[in-house]
Amino acid sequence: MTENSELNNKISTIKLKKLIEIQNLTDNMNGTVIRIRGFIESITSCSSQIFILLRDRLEKVQCIIFKSTNVSSIYEFSRLKKLPLESFIEIEGQVVFAEIPIKRATKQNIEIVISTLNILGPVVSKLPFQLKDCKIAGKESDTNTITVGYNLRLDNRFLDFRLPVTQSIIKIIDQTMYTFRTYLRTHEFIEIKTSKIIQSGSEGGANLFSLNYFNKPAYLAQSPQLYKQLAIIGGLKRVYEIGHVYRAEVSNINRYLSEFVGLDIEMEMETTYIDFIHFLHSLFINIFESFKNEMKKELEIIRQYYEFVDLKYRSTPIIITYKDAVDMLKSKNIQIDYGCDFSREHERILGKIIKDKEDIDIFTIIDYPSSIRAFYSYIDETTKLTRSYDFIVRGEEILSGAQRENRYDYLKNAVIDKGLNPENLKNYLEAFKYGAPPHIGCGIGLERFLKAYFGFDDIRYFSLFPRDPNRIFP
(Lines of atoms letter the chains of each structure in order from A; the text may use other names.)
(Lines give C-alpha, C1' and ligand atoms only; values in the text may rest on other atoms or scores of the structure.)
Protein backbone atom coordinates (compact mmCIF):
# COMPACT_ATOMS: atom_id res chain seq x y z
CA MET A 1 0.00 0.00 0.00
CA THR A 2 1.38 3.44 -0.94
CA GLU A 3 1.97 6.22 1.54
CA ASN A 4 -0.85 8.31 0.04
CA SER A 5 -3.24 5.33 0.27
CA GLU A 6 -2.35 4.86 3.94
CA LEU A 7 -2.88 8.55 4.54
CA ASN A 8 -6.26 8.47 2.84
CA ASN A 9 -7.36 5.49 4.92
CA LYS A 10 -6.30 7.08 8.20
CA ILE A 11 -7.87 10.46 7.53
CA SER A 12 -11.60 10.64 8.30
CA THR A 13 -14.02 9.63 5.57
CA ILE A 14 -15.79 12.61 4.04
CA LYS A 15 -19.55 12.77 4.45
CA LEU A 16 -21.54 13.47 1.31
CA LYS A 17 -22.28 17.13 1.89
CA LYS A 18 -23.10 19.20 -1.15
CA LEU A 19 -19.92 20.22 -2.94
CA ILE A 20 -19.38 23.98 -3.05
CA GLU A 21 -17.04 25.70 -5.48
CA ILE A 22 -14.56 28.14 -3.98
CA GLN A 23 -15.96 30.93 -6.15
CA ASN A 24 -19.30 30.55 -4.35
CA LEU A 25 -17.91 30.96 -0.83
CA THR A 26 -19.14 34.15 0.84
CA ASP A 27 -18.46 36.02 4.07
CA ASN A 28 -21.96 35.30 5.38
CA MET A 29 -21.20 31.56 5.45
CA ASN A 30 -19.31 31.99 8.74
CA GLY A 31 -19.85 28.93 10.92
CA THR A 32 -21.12 26.77 8.04
CA VAL A 33 -19.61 23.33 7.49
CA ILE A 34 -18.82 22.90 3.80
CA ARG A 35 -17.11 20.55 1.34
CA ILE A 36 -14.77 21.95 -1.32
CA ARG A 37 -12.15 20.72 -3.79
CA GLY A 38 -9.09 22.16 -5.44
CA PHE A 39 -5.39 22.02 -6.20
CA ILE A 40 -2.83 22.69 -3.46
CA GLU A 41 -1.07 25.88 -4.50
CA SER A 42 1.08 26.21 -1.42
CA ILE A 43 1.63 24.72 2.04
CA THR A 44 3.16 26.51 5.01
CA SER A 45 3.27 25.31 8.59
CA CYS A 46 4.34 25.93 12.15
CA SER A 47 4.49 23.52 15.08
CA SER A 48 0.73 23.38 15.60
CA GLN A 49 -0.87 24.46 12.30
CA ILE A 50 -0.70 23.75 8.59
CA PHE A 51 -1.91 26.36 6.11
CA ILE A 52 -3.02 25.10 2.70
CA LEU A 53 -3.80 27.57 -0.08
CA LEU A 54 -6.43 25.79 -2.16
CA ARG A 55 -7.03 26.88 -5.77
CA ASP A 56 -9.97 26.17 -8.06
CA ARG A 57 -10.28 27.99 -11.38
CA LEU A 58 -9.47 31.63 -10.62
CA GLU A 59 -10.27 31.48 -6.90
CA LYS A 60 -8.11 30.70 -3.86
CA VAL A 61 -8.99 30.13 -0.21
CA GLN A 62 -6.81 29.42 2.81
CA CYS A 63 -7.48 26.20 4.72
CA ILE A 64 -6.08 25.36 8.18
CA ILE A 65 -5.28 22.06 9.86
CA PHE A 66 -4.79 22.24 13.65
CA LYS A 67 -2.54 19.63 15.21
CA SER A 68 -4.95 19.33 18.13
CA THR A 69 -7.87 18.22 15.94
CA ASN A 70 -8.64 14.63 14.98
CA VAL A 71 -7.70 15.18 11.34
CA SER A 72 -4.51 13.23 11.89
CA SER A 73 -2.17 11.73 14.41
CA ILE A 74 1.15 13.43 15.22
CA TYR A 75 2.86 11.20 12.65
CA GLU A 76 0.30 12.02 10.01
CA PHE A 77 0.45 15.73 10.84
CA SER A 78 4.11 15.77 9.87
CA ARG A 79 3.30 13.97 6.62
CA LEU A 80 0.51 16.39 5.79
CA LYS A 81 3.09 19.17 5.81
CA LYS A 82 4.80 17.43 2.91
CA LEU A 83 1.80 16.96 0.62
CA PRO A 84 3.07 17.68 -2.92
CA LEU A 85 1.99 20.94 -4.51
CA GLU A 86 -0.74 20.55 -7.17
CA SER A 87 -2.23 17.53 -5.42
CA PHE A 88 -5.99 17.58 -5.99
CA ILE A 89 -7.77 17.29 -2.65
CA GLU A 90 -11.24 17.42 -1.17
CA ILE A 91 -11.82 18.80 2.31
CA GLU A 92 -14.66 19.26 4.73
CA GLY A 93 -14.44 22.02 7.27
CA GLN A 94 -15.99 25.02 8.93
CA VAL A 95 -15.95 28.51 7.45
CA VAL A 96 -14.55 31.08 9.91
CA PHE A 97 -13.74 34.76 9.68
CA ALA A 98 -10.07 35.54 9.13
CA GLU A 99 -8.67 37.77 11.86
CA ILE A 100 -6.40 39.43 9.30
CA PRO A 101 -7.24 39.64 5.55
CA ILE A 102 -5.43 36.87 3.67
CA LYS A 103 -3.78 38.74 0.82
CA ARG A 104 -2.59 35.70 -1.10
CA ALA A 105 -6.16 34.35 -1.34
CA THR A 106 -9.02 35.70 -3.43
CA LYS A 107 -11.37 34.92 -0.52
CA GLN A 108 -9.51 37.19 1.88
CA ASN A 109 -12.00 37.51 4.74
CA ILE A 110 -12.64 33.84 5.43
CA GLU A 111 -10.72 30.60 5.87
CA ILE A 112 -11.66 26.96 6.28
CA VAL A 113 -10.80 24.98 9.41
CA ILE A 114 -10.35 21.45 8.08
CA SER A 115 -12.02 18.51 9.81
CA THR A 116 -11.51 15.91 7.08
CA LEU A 117 -9.22 15.71 4.07
CA ASN A 118 -9.03 13.32 1.13
CA ILE A 119 -6.41 13.19 -1.61
CA LEU A 120 -8.40 12.58 -4.79
CA GLY A 121 -5.57 13.15 -7.25
CA PRO A 122 -2.11 12.53 -5.79
CA VAL A 123 1.05 13.91 -7.41
CA VAL A 124 3.34 10.93 -7.97
CA SER A 125 6.15 12.57 -9.93
CA LYS A 126 8.14 15.79 -9.86
CA LEU A 127 6.29 18.65 -11.54
CA PRO A 128 7.78 19.70 -14.91
CA PHE A 129 7.86 23.26 -13.58
CA GLN A 130 6.57 25.27 -10.64
CA LEU A 131 3.54 27.39 -11.42
CA LYS A 132 4.86 30.20 -9.25
CA ASP A 133 7.81 30.54 -11.63
CA CYS A 134 5.65 31.28 -14.67
CA LYS A 135 5.18 34.69 -16.16
CA ILE A 136 4.49 36.10 -19.60
CA ALA A 137 7.54 37.47 -21.39
CA GLY A 138 7.53 41.27 -21.33
CA LYS A 139 6.30 41.70 -17.76
CA GLU A 140 8.72 43.85 -15.80
CA SER A 141 9.83 42.06 -12.67
CA ASP A 142 12.79 41.27 -10.47
CA THR A 143 15.62 40.05 -12.70
CA ASN A 144 16.28 37.28 -10.17
CA THR A 145 12.83 35.79 -10.73
CA ILE A 146 12.87 32.40 -12.45
CA THR A 147 10.97 32.38 -15.72
CA VAL A 148 9.60 29.18 -17.20
CA GLY A 149 10.16 29.04 -20.96
CA TYR A 150 6.93 29.14 -22.92
CA ASN A 151 7.83 26.06 -24.94
CA LEU A 152 8.16 24.09 -21.69
CA ARG A 153 4.74 25.36 -20.65
CA LEU A 154 3.28 24.30 -23.99
CA ASP A 155 4.91 20.87 -23.72
CA ASN A 156 3.02 20.48 -20.43
CA ARG A 157 -0.08 22.41 -21.41
CA PHE A 158 -2.28 20.51 -18.92
CA LEU A 159 -0.24 22.06 -16.11
CA ASP A 160 -0.10 25.48 -17.76
CA PHE A 161 -3.92 25.46 -17.87
CA ARG A 162 -3.90 25.62 -14.07
CA LEU A 163 -2.32 29.07 -14.12
CA PRO A 164 -4.94 31.75 -13.40
CA VAL A 165 -3.56 33.83 -16.28
CA THR A 166 -3.97 30.96 -18.75
CA GLN A 167 -7.49 30.27 -17.52
CA SER A 168 -8.27 33.99 -17.81
CA ILE A 169 -7.09 34.03 -21.43
CA ILE A 170 -9.19 30.95 -22.18
CA LYS A 171 -12.23 32.68 -20.69
CA ILE A 172 -11.52 35.74 -22.85
CA ILE A 173 -11.42 33.46 -25.91
CA ASP A 174 -14.75 31.95 -24.85
CA GLN A 175 -16.26 35.39 -24.27
CA THR A 176 -15.18 36.53 -27.74
CA MET A 177 -16.86 33.57 -29.44
CA TYR A 178 -19.95 33.90 -27.25
CA THR A 179 -20.39 37.61 -28.02
CA PHE A 180 -19.67 37.07 -31.72
CA ARG A 181 -22.31 34.33 -31.87
CA THR A 182 -24.87 36.23 -29.77
CA TYR A 183 -24.53 39.42 -31.82
CA LEU A 184 -25.02 37.60 -35.12
CA ARG A 185 -27.92 35.47 -33.88
CA THR A 186 -29.60 38.68 -32.72
CA HIS A 187 -29.32 39.87 -36.33
CA GLU A 188 -30.84 36.63 -37.67
CA PHE A 189 -27.66 34.95 -38.86
CA ILE A 190 -27.50 31.15 -39.08
CA GLU A 191 -24.46 29.27 -37.81
CA ILE A 192 -23.03 26.82 -40.35
CA LYS A 193 -20.16 24.33 -40.35
CA THR A 194 -18.31 23.90 -43.63
CA SER A 195 -16.07 21.08 -44.78
CA LYS A 196 -12.39 21.30 -43.90
CA ILE A 197 -11.41 18.63 -46.45
CA ILE A 198 -11.45 20.21 -49.90
CA GLN A 199 -10.57 19.40 -53.50
CA SER A 200 -8.78 22.69 -54.25
CA GLY A 201 -7.85 25.91 -52.52
CA SER A 202 -10.17 28.91 -52.35
CA GLU A 203 -7.44 31.55 -52.36
CA GLY A 204 -4.95 30.09 -54.81
CA GLY A 205 -1.30 29.93 -53.86
CA ALA A 206 0.69 27.15 -52.27
CA ASN A 207 -0.13 27.58 -48.58
CA LEU A 208 -2.15 24.37 -48.43
CA PHE A 209 -1.76 21.22 -46.38
CA SER A 210 -2.19 18.23 -48.69
CA LEU A 211 -3.51 14.82 -47.68
CA ASN A 212 -4.42 11.49 -49.21
CA TYR A 213 -8.20 11.20 -49.42
CA PHE A 214 -8.93 7.59 -50.37
CA ASN A 215 -6.08 7.64 -52.91
CA LYS A 216 -7.14 11.02 -54.25
CA PRO A 217 -5.39 14.34 -53.56
CA ALA A 218 -7.15 16.65 -51.13
CA TYR A 219 -6.33 19.61 -48.93
CA LEU A 220 -7.19 21.16 -45.59
CA ALA A 221 -9.34 24.26 -46.06
CA GLN A 222 -7.48 27.55 -45.82
CA SER A 223 -10.82 29.37 -45.67
CA PRO A 224 -14.56 28.59 -45.67
CA GLN A 225 -14.92 31.33 -48.28
CA LEU A 226 -16.41 29.40 -51.20
CA TYR A 227 -18.81 27.45 -48.98
CA LYS A 228 -20.07 30.62 -47.30
CA GLN A 229 -20.88 32.05 -50.71
CA LEU A 230 -22.64 28.89 -51.82
CA ALA A 231 -24.79 29.11 -48.68
CA ILE A 232 -25.87 32.63 -49.63
CA ILE A 233 -26.55 31.60 -53.23
CA GLY A 234 -28.67 28.82 -51.73
CA GLY A 235 -30.91 31.39 -50.06
CA LEU A 236 -29.68 31.22 -46.45
CA LYS A 237 -29.29 35.04 -46.54
CA ARG A 238 -27.07 35.46 -43.48
CA VAL A 239 -24.55 32.92 -42.21
CA TYR A 240 -21.53 32.73 -39.94
CA GLU A 241 -19.04 30.10 -38.89
CA ILE A 242 -16.65 29.57 -36.00
CA GLY A 243 -14.25 26.93 -37.21
CA HIS A 244 -10.67 25.89 -37.78
CA VAL A 245 -8.66 27.19 -40.71
CA TYR A 246 -5.36 25.78 -41.98
CA ARG A 247 -2.45 27.68 -43.50
CA ALA A 248 0.91 26.13 -44.39
CA GLU A 249 2.77 29.35 -43.60
CA VAL A 250 6.48 28.95 -42.94
CA SER A 251 7.00 32.34 -41.38
CA ASN A 252 7.09 34.23 -38.12
CA ILE A 253 5.58 31.82 -35.56
CA ASN A 254 4.82 34.72 -33.24
CA ARG A 255 2.24 36.07 -35.71
CA TYR A 256 0.99 33.06 -37.67
CA LEU A 257 -0.51 29.74 -36.68
CA SER A 258 -0.78 26.74 -38.98
CA GLU A 259 -4.18 25.98 -37.45
CA PHE A 260 -6.33 28.80 -36.12
CA VAL A 261 -9.95 29.65 -35.41
CA GLY A 262 -11.72 31.67 -38.07
CA LEU A 263 -14.73 33.84 -37.31
CA ASP A 264 -16.42 34.12 -40.70
CA ILE A 265 -19.45 36.10 -41.83
CA GLU A 266 -21.35 36.18 -45.13
CA MET A 267 -24.68 37.80 -45.99
CA GLU A 268 -26.79 39.11 -48.82
CA MET A 269 -25.77 42.67 -49.54
CA GLU A 270 -28.77 44.77 -48.57
CA THR A 271 -27.37 48.32 -48.76
CA THR A 272 -23.72 49.34 -49.27
CA TYR A 273 -20.37 47.90 -48.28
CA ILE A 274 -19.81 50.94 -46.08
CA ASP A 275 -22.94 50.03 -44.12
CA PHE A 276 -21.52 46.53 -43.65
CA ILE A 277 -18.31 48.06 -42.27
CA HIS A 278 -20.43 49.93 -39.70
CA PHE A 279 -22.16 46.65 -38.84
CA LEU A 280 -18.79 44.96 -38.26
CA HIS A 281 -17.52 47.87 -36.20
CA SER A 282 -20.60 47.57 -33.99
CA LEU A 283 -19.80 43.86 -33.57
CA PHE A 284 -16.32 44.71 -32.31
CA ILE A 285 -17.70 47.38 -29.97
CA ASN A 286 -19.98 44.71 -28.49
CA ILE A 287 -16.99 42.43 -27.94
CA PHE A 288 -14.89 45.20 -26.38
CA GLU A 289 -17.72 46.25 -24.07
CA SER A 290 -18.36 42.65 -23.03
CA PHE A 291 -14.72 42.41 -21.96
CA LYS A 292 -15.04 45.56 -19.85
CA ASN A 293 -18.35 44.58 -18.27
CA GLU A 294 -18.09 40.80 -17.88
CA MET A 295 -14.38 39.98 -17.81
CA LYS A 296 -13.10 42.41 -15.17
CA LYS A 297 -11.53 39.74 -12.98
CA GLU A 298 -9.90 38.01 -15.94
CA LEU A 299 -8.47 41.25 -17.31
CA GLU A 300 -7.04 42.11 -13.90
CA ILE A 301 -5.38 38.70 -13.59
CA ILE A 302 -3.84 39.07 -17.06
CA ARG A 303 -2.49 42.48 -16.04
CA GLN A 304 -0.63 40.83 -13.16
CA TYR A 305 1.40 38.95 -15.76
CA TYR A 306 1.41 41.44 -18.63
CA GLU A 307 0.76 45.16 -18.28
CA PHE A 308 -1.26 45.82 -21.44
CA VAL A 309 -2.72 49.22 -22.34
CA ASP A 310 -6.50 49.52 -22.66
CA LEU A 311 -7.69 49.61 -26.26
CA LYS A 312 -9.09 52.95 -27.39
CA TYR A 313 -12.06 53.00 -29.74
CA ARG A 314 -15.12 55.02 -30.72
CA SER A 315 -18.71 54.08 -31.41
CA THR A 316 -18.29 54.90 -35.12
CA PRO A 317 -15.48 53.61 -37.35
CA ILE A 318 -12.56 55.61 -38.68
CA ILE A 319 -12.34 54.76 -42.39
CA ILE A 320 -9.48 55.65 -44.74
CA THR A 321 -8.93 54.60 -48.34
CA TYR A 322 -6.03 52.48 -49.56
CA LYS A 323 -4.71 55.58 -51.38
CA ASP A 324 -4.93 57.63 -48.17
CA ALA A 325 -2.94 54.94 -46.38
CA VAL A 326 -0.22 54.88 -49.05
CA ASP A 327 -0.01 58.68 -48.93
CA MET A 328 0.35 58.56 -45.14
CA LEU A 329 3.26 56.14 -45.48
CA LYS A 330 4.89 58.27 -48.17
CA SER A 331 4.57 61.31 -45.89
CA LYS A 332 6.77 59.41 -43.42
CA ASN A 333 9.34 58.74 -46.16
CA ILE A 334 8.33 55.08 -46.43
CA GLN A 335 9.14 53.57 -49.82
CA ILE A 336 5.93 52.06 -51.21
CA ASP A 337 4.29 52.14 -54.63
CA TYR A 338 0.57 52.35 -55.32
CA GLY A 339 -0.63 48.82 -56.00
CA CYS A 340 1.64 47.21 -53.41
CA ASP A 341 0.14 45.35 -50.48
CA PHE A 342 0.93 46.51 -46.96
CA SER A 343 3.59 44.68 -45.03
CA ARG A 344 3.47 44.04 -41.30
CA GLU A 345 5.73 47.07 -40.81
CA HIS A 346 3.46 49.24 -42.97
CA GLU A 347 0.47 48.25 -40.82
CA ARG A 348 2.41 49.06 -37.67
CA ILE A 349 3.35 52.52 -38.95
CA LEU A 350 -0.21 53.23 -40.10
CA GLY A 351 -1.45 52.21 -36.67
CA LYS A 352 0.90 54.70 -35.05
CA ILE A 353 -0.10 57.48 -37.47
CA ILE A 354 -3.80 56.98 -36.73
CA LYS A 355 -3.13 56.68 -32.99
CA ASP A 356 -1.15 59.94 -32.96
CA LYS A 357 -3.79 61.72 -35.01
CA GLU A 358 -7.04 60.30 -33.62
CA ASP A 359 -6.02 58.62 -30.33
CA ILE A 360 -7.74 55.45 -31.58
CA ASP A 361 -6.43 51.87 -31.83
CA ILE A 362 -8.86 50.50 -34.43
CA PHE A 363 -9.54 51.74 -37.96
CA THR A 364 -10.53 50.46 -41.40
CA ILE A 365 -8.78 50.67 -44.78
CA ILE A 366 -11.04 50.41 -47.84
CA ASP A 367 -10.89 50.32 -51.66
CA TYR A 368 -7.83 48.19 -52.37
CA PRO A 369 -6.71 47.69 -55.99
CA SER A 370 -7.80 44.37 -57.48
CA SER A 371 -4.20 43.26 -58.00
CA ILE A 372 -3.80 42.62 -54.26
CA ARG A 373 -7.24 41.17 -53.49
CA ALA A 374 -8.79 37.76 -54.05
CA PHE A 375 -10.42 36.91 -57.38
CA TYR A 376 -13.94 36.97 -55.92
CA SER A 377 -13.71 40.64 -54.86
CA TYR A 378 -16.21 42.95 -56.56
CA ILE A 379 -14.62 45.71 -58.66
CA ASP A 380 -16.41 49.05 -58.72
CA GLU A 381 -17.04 50.01 -62.34
CA THR A 382 -16.43 53.70 -61.63
CA THR A 383 -13.33 53.64 -59.42
CA LYS A 384 -11.91 50.36 -60.81
CA LEU A 385 -11.09 49.49 -57.20
CA THR A 386 -12.45 46.62 -55.14
CA ARG A 387 -15.16 47.26 -52.60
CA SER A 388 -12.92 45.79 -49.95
CA TYR A 389 -11.83 46.52 -46.39
CA ASP A 390 -9.34 45.52 -43.73
CA PHE A 391 -9.70 46.27 -40.02
CA ILE A 392 -6.48 47.22 -38.24
CA VAL A 393 -6.08 46.95 -34.46
CA ARG A 394 -2.91 48.32 -32.82
CA GLY A 395 -1.18 48.28 -36.19
CA GLU A 396 -2.13 44.72 -37.11
CA GLU A 397 -4.71 43.47 -39.61
CA ILE A 398 -7.33 41.37 -37.83
CA LEU A 399 -10.13 41.28 -40.42
CA SER A 400 -10.28 41.18 -44.20
CA GLY A 401 -13.36 41.25 -46.40
CA ALA A 402 -15.12 42.57 -49.47
CA GLN A 403 -18.27 42.66 -51.49
CA ARG A 404 -18.22 39.52 -53.66
CA GLU A 405 -18.50 39.36 -57.41
CA ASN A 406 -21.86 37.66 -58.06
CA ARG A 407 -21.94 37.77 -61.89
CA TYR A 408 -20.80 34.54 -63.51
CA ASP A 409 -18.91 35.95 -66.53
CA TYR A 410 -17.06 38.55 -64.46
CA LEU A 411 -16.17 35.97 -61.83
CA LYS A 412 -14.87 33.43 -64.34
CA ASN A 413 -12.73 36.07 -66.03
CA ALA A 414 -11.36 37.13 -62.63
CA VAL A 415 -10.34 33.53 -61.94
CA ILE A 416 -8.46 33.39 -65.24
CA ASP A 417 -6.88 36.82 -64.70
CA LYS A 418 -5.48 35.59 -61.38
CA GLY A 419 -3.84 32.65 -63.13
CA LEU A 420 -6.15 30.07 -61.59
CA ASN A 421 -7.69 27.12 -63.39
CA PRO A 422 -11.49 27.45 -63.72
CA GLU A 423 -11.78 23.66 -63.82
CA ASN A 424 -10.53 23.47 -60.23
CA LEU A 425 -13.37 25.80 -59.21
CA LYS A 426 -16.01 24.36 -61.52
CA ASN A 427 -18.56 23.47 -58.85
CA TYR A 428 -18.19 26.88 -57.25
CA LEU A 429 -18.48 28.78 -60.53
CA GLU A 430 -21.48 26.75 -61.70
CA ALA A 431 -23.54 28.05 -58.79
CA PHE A 432 -23.26 31.60 -60.12
CA LYS A 433 -25.12 30.67 -63.30
CA TYR A 434 -28.40 30.29 -61.44
CA GLY A 435 -29.18 33.60 -59.78
CA ALA A 436 -26.57 34.61 -57.22
CA PRO A 437 -27.67 37.46 -54.92
CA PRO A 438 -25.23 40.33 -54.33
CA HIS A 439 -23.39 39.40 -51.15
CA ILE A 440 -20.63 40.50 -48.84
CA GLY A 441 -18.57 39.08 -46.00
CA CYS A 442 -15.36 38.89 -44.05
CA GLY A 443 -13.03 36.65 -42.11
CA ILE A 444 -11.51 37.31 -38.69
CA GLY A 445 -8.62 35.43 -37.16
CA LEU A 446 -9.65 34.87 -33.53
CA GLU A 447 -6.14 34.38 -32.15
CA ARG A 448 -4.66 37.29 -34.09
CA PHE A 449 -7.51 39.56 -33.02
CA LEU A 450 -6.87 38.82 -29.34
CA LYS A 451 -3.11 39.12 -29.77
CA ALA A 452 -3.66 42.60 -31.21
CA TYR A 453 -6.23 43.53 -28.55
CA PHE A 454 -3.79 42.82 -25.73
CA GLY A 455 -0.67 43.90 -27.63
CA PHE A 456 1.10 40.60 -26.93
CA ASP A 457 4.12 39.61 -28.99
CA ASP A 458 3.20 35.92 -29.35
CA ILE A 459 -0.01 34.62 -30.90
CA ARG A 460 0.35 31.21 -29.25
CA TYR A 461 -1.00 32.52 -25.94
CA PHE A 462 -4.46 32.58 -27.56
CA SER A 463 -4.58 29.00 -28.82
CA LEU A 464 -5.31 26.10 -26.47
CA PHE A 465 -3.00 23.75 -28.34
CA PRO A 466 -1.07 25.91 -30.83
CA ARG A 467 0.15 24.52 -34.13
CA ASP A 468 3.02 26.17 -35.98
CA PRO A 469 5.91 24.91 -38.15
CA ASN A 470 7.76 23.84 -34.99
CA ARG A 471 4.93 22.30 -32.98
CA ILE A 472 2.48 19.48 -33.58
CA PHE A 473 2.05 18.30 -29.98
CA PRO A 474 0.54 17.92 -27.43
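Positions of Cβ are set from backbone N, Cα and C atoms, glycine also.
Since the structure is predicted, the reported quantities are computational estimates derived from the model, not experimental observations.
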Per Swiss-Prot, member of GLU298, GLU300, GLU307, GLU397 binding ATP alongside ARG247, ALA248, GLU249, ARG255, TYR256, LEU257, GLY445, LEU446, GLU447, ARG448:
GLU397
Write down the single range among 13-16, 145-148, 225-228 that appears in Swiss-Prot as region 'Aspartate'.
225-228
Could you state the CA-to-CA distance between SER400 (L-aspartate binding site) and LEU446 (ATP binding site) to the nearest Å?
12
Sort the binding-site residues GLU249, TYR256, GLU397, LEU446, ARG448 by C-alpha distance from ARG404 (L-aspartate binding site) and give me just the closest.
GLU397
Please list, in sequence order, the residues in the chain of GLU397 (ATP binding site) that are at least six apart in sequence and whose C-beta is under 8 Å away from its C-beta.
PHE342, GLU347, ASP390, PHE391, ARG448
Could you give the Cα-Cα distance between ARG247 (L-aspartate binding site) and TYR256 (ATP binding site), in whole Å?
9
Looking at the binding-site residues ARG247, GLU249, TYR256, ARG448, which one has the fewest other Cβ atoms within 10 Å of its own Cβ?
GLU249
Neighbour count, 10 Å Cβ-Cβ cut-off, for LEU446 (ATP binding site): what number do you get?
21
Cβ neighbour count (within 10 Å, all chains shown) around SER400 (L-aspartate binding site):
17
